[in-house]
């Protein structure tokens, strides 16, 4: 080998040796860079993952808390609706709050009324008149009035009357002697009236509209004698059953046909959607 070739070979080796120390640090640097970057990325990823997990947990806790509060509120409402009232509360609710119920209308009881000048006569015959009662009870003292109660619709007696005395001693004697007496084939019962005042004419059994063909009025009021019922033809039993309510049934039916209820229209729309058309061959 010549001197020139040896020099070239040595020059290459020196270059390669000079490059190698400078090259290795670059690789080390790159390796160190890659190594330093990768842990930071892993830590960031783990932090983001932990944050997302904590957020999801907090959200789930919020939702579960909302559901729990809603379920508790619903259960509380159901409990409040299905509350069993005590007997005392029911008794309070059963009492009416009308002004007439707060005060006692009558003194005494029906079984044992207090003595007064007004006597009630019960169990009378339909043919007993006020004149007959006046003849019977005037034996015990002066009377201020007699009132036989009549039915306003039929004009017939309802089987009882009220006799008014001027003095309470006379009414006591009349009750003791006339109670159980037979009058016009009927055994009558005499007792003190509870109200202790003059009786207004009772409406009778029929509470509907008056007859179109006239008819008489009811009994008398106050302390005076009562008035009898009047004539007029009887109405058909169709109206006595309460079908005459101030408007025609057919008008009401026509109104219902023109404006059906929303429930009825909803039901018809459902039935139409479910109905199937017949097959055509």
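Just so you know, glycine gets a Cβ as well, placed from its N, Cα and C.
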Candidate annotated as omega-N-methylarginine in Swiss-Prot, where the set is 70, 110, 233, 270: 233
DSSP residue counts for the domain 'RRM' (117-195), split into helix, strand and coil: 22 helix, 30 strand, 27 coil
